[in-house]
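Read the structure below first, then the notes.
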């Protein structure tokens, strides 16, 4: 009976359980379950929870859903899904509580989870130089956040490297790879604001929006004025800015200056150190950039201080060596004499330094007998070798010169008295310190210390409006009209501006002031503008600006920023301020703004032809063709090389100078852009889970995005259920993932289409000055010369059709690179557009890209290992092509400079024979024009174009007062002539006359008037007066090693000129032969002199006087002369 009752109880319990489960199952049949997705992306695991999507509806959940919908409505305008709408009034929304009573709350009262990170679960996802990207979790909802402040994030996970504060210096992104190495000052997270399917909600500081996050390289932004240094202090400049905070730094291209930006407010002074004056550093301040010109501070200071005195300048410039020589002389005589005189009074000093150097002294004394050069009596070094006694160093008495009979240091006797003492004993110390060798060394150390003290005391060197009418304004960043500039945007309009068809009415709230004026708005602006501020913006700034104001608000207006250095329009200024706010609206607009450079920092250190270091060569014509002298010239195709040729016709009295200078040589590549690749910094995901159904059921709530989608089914079965879910082999989890790319480390991939050897060649002298680009494909030709390239080396590691990578350091890399739309595991994934949008990726994630896990009790989880293709790690296998950075032109070509010879440059010069003849009459010069453009008292000089018409062919010298010229001789042909000439003037040559002297004859001179001179201030921030710059150039030319080498070879120019291209080789051979010849004759003379001294011939000279003649005979040089047979006669008695 008991068994039957027990069975009955079990059946009833089972039926009750089944009934209860059926009711619950029916209630939850279409409900989704909680699930959690975990993204693992390198060192940045990301966890996202969808519990807000799947929880059982309660009053709290309904309220939270209403809040999220309100935030979404603030961001998205339902009627125009591609834009954002700013509310003019405070919006209110109804929220239903459990009692179904309506409650009204303000949008400003809604909680901002990103600002409450300190009290919520949060995790740092990435730290840049100027902001931080993090995520917070509240009520199982994950919020993505970007903030310019680190406040309240100290307790977040991965906050170990979080700085206490971020710099507030305004910056904007750099999108052009070529500019990154020049202007990069760190990185910053930006939001690319869009409403496409690949975006997601994100909050920047306290402003919610929709878009994608990317890490970008940034540069400084802002209004900054750089004041040139004055003559009194030529290495200090001052910078000023009207903005509240501005940043500056001195940067060498390619240098990492991520945390070296210096902020200032108002003004600041910068003093350049000698390292900054190498010509490679740039001063960056806001939008402004300035190249610090190459200046030898030591030389220039001496040139200025001792102007016009070459000897004082030389002494001053070489003072660093002269001061060492002076110290050496002081040590050798006065200091040594002083030390020798004070040895006894300073015995404590010698004991002290002896104690300090005792191990060294002990070692030297013990090893002295093994030294190759020893003194026989003093214990000092001796150059002349001779036998030395072993007892020489054991002078134990300071005052005595006597030596000890036995030297304990060198003694081999075992029973010596000193052997019973240790090396560290006082007996051994006194013995070692008092030896002559040790005492001489201690005195030498004392002399050196005194010399160093004196050396340290010696000097190192000798030497647009937005105003309604009067008092009502619109200020960017504030949605209300104001009456003046403000620190904080007011809560409502402070004035009113009514724009009518024929007039404008302005009124100030709180006063009775009403002003009327004519309608002078921008014409042809057709757009709707209802509020007062919209009318003002449409009137003064136009409809395009009004569209930006409505749909793309400024969170920080930067009211003091004008963008005057970049010449920004009102639209461009607004977009630049949006970039300062961390928002990217359009890649093309951003690329345009960030590519604007104010200043000369990108200018290369291009100087005039360095004639002082170029070799000189006399050149005689090879043949006469059609009445013209033909000169054949061959040069090595090497950048920086060249020759100064002196042209002759064997009869001409004056040689004509002709200079060829190869400025640069390299290879010009034509390329086709493929894609951009960048590392994945972090990952964002979104998904939806269901308790029953399959992927199709899940996709009804989480639609396919088109790429990087995933779906897992089934996710509900025995042992893998969550609370209130009893489905078996049902359910699905679907979603998508999006990567956050580090565009700071992006590479652009190109395909090589064509390569050509190119040389930039400058020609100066008799033909005037001009620079031309010569290629190997088509020979260059003009009226007087032809040039052609014969290439020896063309294969430099890059082949046609090969893929190359342009890195963030502006270098070119080659290697295994994936082609576009090729999923091969080589460097080149992810494949993106320039603005970081994927163009080739996985459409659906595979099983290897993620893993799924669950538990009997708890939430399901998905671990995504890789969101799309990622092979950026293979960049280590790429090979850098050249150490010289390159710059791309319109993403279609670049020039790769080479530092070695690529072949030969052959030039044929045809000069009319009349150039070498005296003009038969005064030439007629008509239609003259001389126009100049440049600067005075500067290194660049005035670039002038001289044009005229001549009736004769002749050679002429040219000159002009107060100016030096790049060339002083021109070849004038019959007909039209045009020359490029550079003039360096100390005064404005406007309306002055340039004089032409045909064949140097002043009797038939011709004058040409300077028509126009446009003087432009150079960008150089260090003024270099032309007078001192000329002296410096002259000094460098006179003291140049190349100039000296060319000078000592110059006597052989005439002979070597007959050997053509072997000119310089023959000069060196002749110089070496001459040196050997001089050495040979000097050796003979030395032998004669030695014999003369050795035989003492000078003692054998005698003065012979004949009896009958008072003439002095030549002295006899014989050593063994005969003696007189009789004594000399005495004539004293005749007196």
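For all residues, glycine too, the Cβ spot is worked out from N, Cα and C.
In Swiss-Prot, the annotation transmembrane segment applies to 315-366, one of the ranges 315-366, 367-418, 419-470. Among the ranges 1047-1067, 1068-1088, 1089-1109, the stretch that Swiss-Prot annotates as transmembrane segment is 1068-1088. The range from 139-157, 158-176, 177-195, 196-214 that Swiss-Prot describes as region 'Non-covalent dimerization' is residues 177-195.
Note: the region 'Non-covalent dimerization' (177-195) comprises 7 helix, 7 strand, 5 coil (DSSP; helix = H, G, I, strand = E, B). Mean pLDDT across the topological domain 'Cytoplasmic' (1089-1135) comes to 53 in this model. Within 10 Å (C-alpha to C-alpha) of residue 122 (disulfide bond) lie the following recorded positions from 114, 210, 285, 588: 114. Counting every protein chain shown, the number of other Cβ atoms lying within 10 Å of the Cβ of residue 285 (disulfide bond) is 29. Of the listed disulfide-bonded residues, namely 122, 145, 156, 224, the sparsest CB environment within 10 A is found at 156. Take the Cα of residue 145 (disulfide bond) and measure to each of the recorded positions 156, 224, 588: the nearest one is 156.
Closest to residue 156 (disulfide bond) in space, going by CA atoms and restricting to the recorded positions 116, 210, 224, 980, is 116. Of all the recorded positions in the record (116, 210, 224, 588), the one with the smallest CA separation from residue 980 (N-linked glycosylation site) is 224. Minimal Cβ crowding within 10 Å, among the glycosylation sites 116, 210, 588, 980, is found at 588. Taking Cβ-Cβ distances under 8 Å and a sequence separation of 6 or more, the neighbours of residue 114 (disulfide bond) in its chain are 136, 143, 145, 147, 203, 206.
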